[in-house]
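Pulled from TrEMBL:
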TRANSMEM  40-64  transmembrane segment
DOMAIN    56-357  domain 'G-protein coupled receptors family 1 profile'
TRANSMEM  76-102  transmembrane segment
TRANSMEM  114-135  transmembrane segment
TRANSMEM  156-177  transmembrane segment
TRANSMEM  197-222  transmembrane segment
TRANSMEM  306-326  transmembrane segment
Amino acid sequence: MEDASQLRPAPELLNISRNYTHANLTPVAEGSDGNVAVQAGVAVTLALITFATTLSNAFVIATIYQSRKLHTPANFLIASLAVTDLLVSILVMPISALYTVSQTWTLGQVMCDIWLSSDITCCTASILHLCVIALDRYWAITDAVEYSKKRTPARAAGMIATAWVIAISISLPPFFWRQVKAEEVTSCNVNSDHIFYTIYSTFGAFYIPTLLLIALYGRIYVEARKRILKQSHNKPGKRLTSAHLITNSPGSVASTTSLNYGTNDSSSCDTTSSPNIGQVKVTVSDALLEKKRISAARERKATKTLGIILGAYIVCWLPFFIYTLLVPVCPSCFYPELFDSFTWLGYLNSLINPIIYTMSNEDFKQAFHKLIRFKCCRA
């Protein structure tokens, strides 16, 4: 989701560099104490967002790693997304926060190259991971029987590798025509005079993945809706009956009766029999229907979660990419503060992803509660 990151230099990709920003804003930026207070407030806010993003994604990774119940191909994809977002919070966001607050680059050319490469690669990989997760979900719903045989950790690893390869292929081209500056570096941008790269990077990092996500989610919603409606129209009556010795375990979801055997006494139907009389519990339950109801509930929840993730992704990144396309048409519409706000709104998506998964998954919730209790006990 994040190619936006260093499409941060979107305006830069469009030849509107930070040099322009710095040259025109320096007199204003060196302002009063009020300006310093605003910068301090922005710095604290960005630091908190960065810390929260790191912590939340690290928690998702640790939860999946520690819980065997979560060791499934689908959750491996979620863990990989969390790793990608964690890299955004470690490699990209801290430096971006410094750059946003100071409005000038002070870390040198080499660090600039590393940061730009990390930004574009990690942010794009994060976006593509959402596509991979949606694609996995789509196959699991539309071709459940066959895909269950193919849904292996190796396949998940292949999908993850594909996402990273595409992300790297988007981040590399600018470095083939990078110009080494002899003077001191005061801005860090993707130096791109190539309109074809601008189109390639923006469409490859956002617009095409977004269209794919919308198409996949639309099909997933339709299929899930069909299953739910089919389930609601099923007639009751498909019952499974079992008999076993009575124990202290609770009854079934349906009805249970106790039968006595080993005697001809007419009172043998009484559940309070003598010690020498064995008792059998006959359990009658809508086992098949109950299983289908549980499955339908899971489908609804999973589909809702995917919809929330898609919505959050679009809300976070759409403003940035619209602004990226607007600036070439209207250069005077470029405002550094607005551009930085849209960039950080995009970064915020790396914080939202783990929160959505944690809140929508009972296993994650339980692990979170265990973690809190463990820390409280140690304290």
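Cβ coordinates come from backbone N, Cα and C, glycine included.
Whatever TrEMBL says is automated annotation, not expert-curated.
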Checklist entry - Hey, would you say the transmembrane segment (76-102) packs against the transmembrane segment (156-177), going by three or more CB pairs under 8 A that are 6+ residues apart? => result yes
Checklist entry - Can you tell me the mean pLDDT for the domain 'G-protein coupled receptors family 1 profile' (56-357)? => result 79
